[in-house]
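Novice: Can you read through this structure? Questions will come right after.
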Amino acid sequence: MRRPKKYESGEATQYISRRAALRKLQLSLNDFRRLCILKGVYPREPKHRRRAQKGSSEIKVLYHTKDIRFLLHESIVWTLRDYKIFAKKSNRDRAIKDFRNLKRRLALFPEIKLDHIVKERYPTFIDALKDLDDCLTLLFLFSTFPSLHLIPREQSNLCRRLTIEFLHYVIASKSLRKVFISIKGYYFQAEIKGQKVTWIVPHYYPFKPQSRQEVDFKVMSIFVEFYTIMLGFTNFRLFHGLNLAYPPQFPSSVLQDSEESLKDEASFVSDRIAALNFELLRTDKVQEDEEELDIDMELLEQDGDSKRIIKMKQEAQEVSRLRTLFKGLKFFINREVPREPLVILIRSFGGKVSWDSSIFAGSTYDEGDETITHQIVDRPSITTQYISRDYIQPQWVFDCVNQRQLLPTNKYFIGETLPPHLSPFVDSKRDSYIPPEEKALLDPSLIETHAQSDEDSEDEAEKEEEETVDQELLDAQLQLAYQQETAEYKKYGGPDGVNEDEEDPEDDDEDDDEEEAEEEELDEKSKRLQEEKQKMSVQSGKVHKVNKRQVHKAEVDEHRLQARMVKPRHRNLFRKLIREKQTKEKEEWLLRKKRRTIEASEKEARKTAKREARKEAAAAAAKASKLGK
């Protein structure tokens, strides 16, 4: 039996370097990158790099040998090779000025078909929905780009069309669940076929070209090329699941014979689709009751006692109420407010919305409509206001969706300081720091207790300040009253107008006898009380003081014992977990400290304001009393 040589088996044969992969596939580096992005092949990190690199200590980019063998049988490889042949022949025709042959070659340009790759990477539709987060975020970003060097205009327009179609599905299915405004953009989360899909829509800022090439738009464009095919398949399946016509179409009632529609019907329809304000054409009418919930309530009632089933019922009821949150409400969006995110929210939950017709096509009613219930404004004041509607800031819509109820509008009026906008994507049962505003939202009873504790502390501080401020005034008044009383006593010779030297000695003897008798009675009563106390005595308990040093020492000893019991192969993992725990505790402590300093500064400001007001009132009262005298 032949003895195997070194690096002929094991980890050395499981990995292959990028240079060897390029030689095996006979592709350039750019084509290899493109192929790996489209097929979902990525570099791997071996457990023992030196063994995987056959004894070499140089750091190389390694791939699984099985993945490269998998790429050898891909039909796209032949298309990428055809690109080289096409480039050589077209350059030759251009050099010899054979434009007739060049035109024929350009018509036969080899195109890459990615349909089979989408089916390979996502065997089921649920698998595609699970990987939809990055797809939507990237396509929403590219839909805002203008025509750049490496991003053609057709690609940006395609991204815009596909994302608008997906938003139409979200509105029609009423599957939106959570929203949040951040610096990065607008976060949306929808529940589609039981899968939670989260994506980011960037803010609408004018594009600023970058001088430095910090972002590789070419690589991102390859990702977009694959994601557009994937989202097209997904939209087709989702639209047909709701019996909606795909591509999106309008019913005949929307396409009225106006001058604008008769001039260019295609642009008229595309503008109305982008407005997100019209119902789409259905291939078959479906009752609303069938669309409400996908949960079989009869199946849940069979096992109604379990906590999980009760929780699912409550969630289903909340979702059914959320779908009709804005039903019966009419909104009007001012020109300074971002239109698209608010239209998505309002229409997803059953509301009606419109805007100024000069901003964008698709408005259904004007600002002067008397049936408008809410007008969304983002400016400090408005010249003309209607009594029949509420003027609110945009945050009210987002907070209502996250709280799943219509909140009072008084905190969101024009010019009001808005309440904190909390993220709904944070777990409420986490161990980290939770701000008091979030606690109050989770448990409304905490609002009253928190406010009551603040009022009690402020009242105590006010009482102390009042005592210190009025102490000097009280002392002066008491001293003045004492002086007046002593003067009257000396003037009239005692309380009854009789001089003390002229009193009878017999009266003094009688008074002394009465005092002695009273003292004897008091002594007897005190003796009886002491005897009764001795019979029914209760021993006072002793206060047990906890020694904090001993408790801390016991915790440290227990932690050390726990660390000793960890197996050697798990020590690095144990240290990592302890480090993460310490960093989390430190962050929580810093946030609590920051909160305490902010609250202390606010409380001190309120105290100083009240103190100054009290001093001014006291000074005014003193001045008034002087004038009265």
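Glycine is treated like the rest: Cβ placed from N, Cα and C.
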Novice: Out of 86-117, 182-213, 342-373, 598-629, which range is noted as region 'Disordered' by Swiss-Prot?
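Specialist: That would be 598-629, the stretch labelled region 'Disordered' in Swiss-Prot.
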Novice: Tell me which range among 12-55, 232-275, 584-627 Swiss-Prot lists as coiled coil.
Specialist: 584-627
Novice: Any residues 6+ beyond the ends of the compositional bias 'Basic residues' (542-551) with a Cβ under 8 Å from its own?
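Specialist: Tertiary neighbours of the compositional bias 'Basic residues' (542-551) are none.
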